[in-house]
Every structure is written in structure tokens, then in C-alpha cells.
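**Student:** Below is one structure. I have some questions about it.
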Amino acid sequence: MPELPEVETVRLGLQPAMEGFRIDRAMANRCDLRFPFQPDFAARLTGQTITGLGRRAKYLLADLSSGDVLLMHLGMSGSFRVVNGAGDATPGEFHHPRSEDRTHDHVVFEMSSGARVIFNDPRRFGFMKIFARAAIDDEPHLKGLGPEPLGNAFDAAMLARACAGKQTSLKAALLDQRVVAGLGNIYVCEALWRAHLSPKRKASTLADRKGAPTDRAVRLVDAIRAVLGDAIKAGGSSLRDHRQTSGELGYFQHSFAVYDREGERCRTPGCNGTVKRLVQNGRSTFWCSGCQT
């Protein structure tokens, strides 16, 4: 499933074709994806201008001139294709090669920019939903999400407070979207390596006895921000499912220090350890026991 950098790269790729432009026509080519489309889905979108295209955690949010918001989630295999006079491009094609099977083109937006924006999703784990902007605080998919890891609200003090007293592993805590929004398996592994912290360490050790952030919390916040920033600049990680809107693959996977590198030499200078793999909560964790403590 795409993580924050992949979704952000998709957002950046869609902006030139969608933000500030009117949806001249919206079409849903089937009655459902992961969830059924609302009965008035196409009608509520057609004729509306996308006044802003944002992101919250792993969700894309299109603000509409009607006061509604279109929430979009890529799921496991969803991708957007932008077709215009310049050709055919796919923002954020990272994990799976883009499906060439047009029978999986499930949603089409014909924009006043002249572009056709097409959502293709072979597995149909993605979904789209419209809700009123005024009700955003009550939207179930967004309610309870933690702070954005690249936002000002995310700092060592906040992370220490969120993890104080937690006996769960540090890896599990970071994957909890209530603690911090948008992180997934890849970037948690990479951030823990950069911060030299074991994924098995208790989350509570990010706070001291008084609840103040320890040096570990400071290092981890810096590492999370850095790894996400680097991944966005690189266009995400091309492992299985998603390409950029340009159709190009992301390149951050070439910079992986530990993820999917089991048995290889650790890249920390002076460390003679090797990358190990363990399973935590049903997910593979990659780490170096030599320098991550």
C-alpha cells in the first residue's frame, strides 16, 4: 500500500491538471470499488471546481467549490493517469507497474484544463467518497488521525507524550495512525535505522520519567522528517504498485538502507553488522542489531 511519500507525489503530479480547474464531467464506470459509490457521486462532482488538492495521511483530499470534499484513497493497486495534449502520464507509479488493462479504468474526470484524469485500480481496494467540508471533523476515515510527520505539530515532545507508558514496540507505535499519520512499513524501518533505534525497543523509552522527550525521541523525529523528505524528492519507492503521474518510477528504493536488504552489510559507517529480518504484528521488519539499540 502506498505510504505518505507516494501519495504526496501523486498529489503533486495531479495538481497541474486538477487544482483550479472545473470538473466538466465525472464518470464512475462501475457501482463500487472497495466501497459502493454514493448514488449521486458523479452528479455532485460534475460542474464543480477543485479549489485545492491536499493530503491527509494517506488520503488525497480535493476541495470543491460546492463546499464538499472528495476523499480519494489509492488502496493496493490504484493509480491515476493524466491524459492531455502532452501525452499519457501517471503520477506516483511506485509499487506495482501501472495496469495497461483499460477495463480497470473505474473513474474518469474530464477537466476544464483539457486533461482527462483516470483512476485505474485492478484490485479495487481503493475508494472515493464525497462529504461536506463542514463535517470534516466527523469523517470516519480522518477522525482520530495523529499529526502529519512533516507538519509543525509533530515534534519530539509530541511523540514522547504519545508514547509515554506504551509497552508496545517502537515499530508498532509508529505504525499506529493515531500516533503519527501516514507512516507505513518501509519508512518506519528506514527512519528507525537512521535514528539507530531498535524496532523492538519499547515505545515508552521515548519519554523520561517526567514525560519529557529523551534524546531518542529527538533523533527519531529528525530521522522521520529526513527519510520522508528524501523519499518525496526521489518520487517515492518503486516496489510493486504505483507510478508517478509522469509514468516514471520512484527512485528512493535505491537508497534503502535496510528495507528488503536482509543478509546484506549494514550501511552505517563503522558498523560490521548485517541487515536482519523479523516479523512484528504480521509485517516484515528490516533492521541492524549492530547499530540499532
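Even glycines carry a Cβ here, placed using N, Cα and C.
Predicted, not measured: the structure shown is a model, and the values here were computed from it.
Sharing the feature lines straight out of Swiss-Prot:
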type	residues	note
ACT_SITE	Pro2	active site, schiff-base intermediate with DNA
ACT_SITE	Glu3	active site, proton donor
ACT_SITE	Lys58	active site, proton donor
BINDING	His104, Arg123, Lys166	DNA binding site
ZN_FING	257-293	zinc finger
ACT_SITE	Arg283	active site, proton donor
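Looking at the shown structure, can you explain where the listed features end up?
**Tutor:** Residue density at Pro2 (active site, schiff-base intermediate with DNA): 30 other Cβ atoms are found within 10 A of its Cβ, drawing on all protein chains shown.
Of all Cβ atoms in the protein chains displayed, 22 besides its own lie within 10 Å of the Cβ of Glu3 (active site, proton donor).
Contacts of Lys58 (active site, proton donor) defined by a Cβ separation under 8 A and a same-chain sequence distance of 6+ are given as Met1, Pro2, Glu3, Leu4, Val7, His73, Leu74, Ala181, Gly182, Gly184, in order along the sequence. Following the DSSP three-state reduction, the secondary structure of Lys58 (active site, proton donor) is coil.
DSSP classifies Arg123 (DNA binding site) as coil under the three-state reduction. Within the same chain, the residues at least 6 positions away from Arg123 (DNA binding site) whose Cβ sits under 8 Å from its Cβ are Gly75, Met76, Ser77, listed in sequence order.
On the 0 to 100 pLDDT scale, the zinc finger (257-293) averages 96 in the predicted structure.
Around the Cβ of Arg283 (active site, proton donor), the same chain contributes Leu175, Asn185, each under 8 angstroms and 6 or more positions distant in sequence.
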**Student:** Per DSSP, what is the residue count of the zinc finger (257-293) in each of helix, strand and coil?
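**Tutor:** The composition, in the requested order, is 0 helix, 14 strand, 23 coil.
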